[in-house]
Amino acid sequence: MKKIQFFDTTLRDGEQTPGVNFDVKEKIQIALQLEKLGIDVIEAGFPISSPGDFECVKAIAKAIKHCSVTGLARCVEGDIDRAEEALKDAVSPQIHIFLATSDVHMEYKLKMSRAEVLASIKHHISYARQKFEVVQFSPEDATRSDRAFLIEAVQTAIDAGATVINIPDTVGYTNPTEFGQLFQDLRREIKQFDDIIFASHCHDDLGMATANALAAIENGARRVEGTINGIGERAGNTALEEVAVALHIRKDFYQAETNIVLNQFKNSSDLISRLSGMPVPRNKAVIGGNAYAHESGIHQDGVLKNPDTYEIITPALVGVDKNSLPLGKLSGKHAFQTRMEEMGYNLSEQELKDAFKRFKQLADAKKEVTEDDLHALILGQSSESADDFELKHLQVQYVTGGVQGAIVRIAERDGTLIEDAATGSGSIEAIYNTINRLMKQNIELTNYHIQAITAGQDAQAEVHVVIKDKSGAEFHGIGIDFDVLTASAKAYLQASAKSKTGSKQADFEEVK
């Protein structure tokens, strides 16, 4: 039975999703959960792209102990050197180098001839091989590349020392039949095919990312690249949870095994959904809210008699456990810590102390503390502790003629208090206009989403906003509070703080 490696690029390609920007603490938290999930390789970022991304890759490389960490690099010596520096503390470092091979990319983006591309691949793969034991090469836009030239580029990379060849469907152009044939062609033409790990990197523009990834596995790929929940640029990437469960459920067909701990998918999905601000669609395969719901009477009757009639995946398989022990105001610190670890959170002693204090306050205010409340509690603590600004006071009042006024007081990181007031056509607009004055910013609100974390009158509100600055960069903010207006203010303030620090990495050419 063949072994399939899982390569997660949530922290690199997933973060290219408009409005998604993880800070260092969030990235480490995600990486630790991916390690617990059993991911073989974590792509931590693009070290050369910005000082912030370099520090993130460096921190993740130091934190991860049981899987490989890799960084992205162009065919540029400076990129490779920077990646080496960022990954020097990794237990098992790898590097991921890319260069486009399609005619449209070579002519209009790279402005390089085929000969120049081949020479660059040869030189830079050889250069990287002197620094890394595992070197992955990706011919960007492979599925739109001339087949003969693609094979020549791949052979050049292997001859120069590449140990992994990744085939990206950069724009989601291919289909399972064509993609499978591409791997068959590589198997036939590349003399070292069985000695090299071949991988797929698929995008979902035509809705076939998972199917294409599985077609690659059927035809010789031994590594699959993707993200949790399928997040990523445009329509997203291959959803790793779908591939992993498909390989498990249809082991009879694929004859493959993995290192994935399937019951960690729900925790992984929840964590990334909340930190990215991207809700999982209810009809999403494997981990969606309706994945195990049955509306039809005939289906319900069948499931009650025997779940196998209509369920091929049990909820418990992917970690959907509706019978978990509830926590309440009488729960102790040990029980709280255990639940946090089960949910994928690895808290320091001080973080645990602060979180438990907030939990006790929450338990006093609510009849029942649900798992969603606990996710929100940690998320709120993480976002607030990472901000340079803290909401200290909010007052909203009716002015005249339907106009609302807002007074907002903010504490800066050094403790300085700043306060201002403004009006708007509604309470939210008044609050946001006031924050704009305080932050001296000119930004556009592009998305505002509010949801109740749980049912009931004592539910907390969770607000997600996306703002766009004058350069076009987008930033995501989260706010959680029992009061909707306070949650809205916290979310907008957090997004504004991110735009001030420019936490979104620079816009670089990437394997998409």
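For all residues, glycine too, the Cβ spot is worked out from N, Cα and C.
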Subject >> Additional site residue, Asp8, Asp13, Asp458 [criterion: listed by Swiss-Prot with His201, His203, Asn237 for Mn(2+)] >> reply: Asp13
Subject >> Local confidence of the region 'Regulatory domain' (390-512) - pLDDT mean >> reply: 87
Original post:
If you draw a 10 Å sphere around the Cβ of His203 (Mn(2+) binding site), how many other Cβ atoms fall inside it, taking every protein chain shown into account?
Top reply: 27
Original post:
For Asp13 (Mn(2+) binding site), what is the secondary structure by DSSP, using just helix, strand and coil?
Top reply: coil
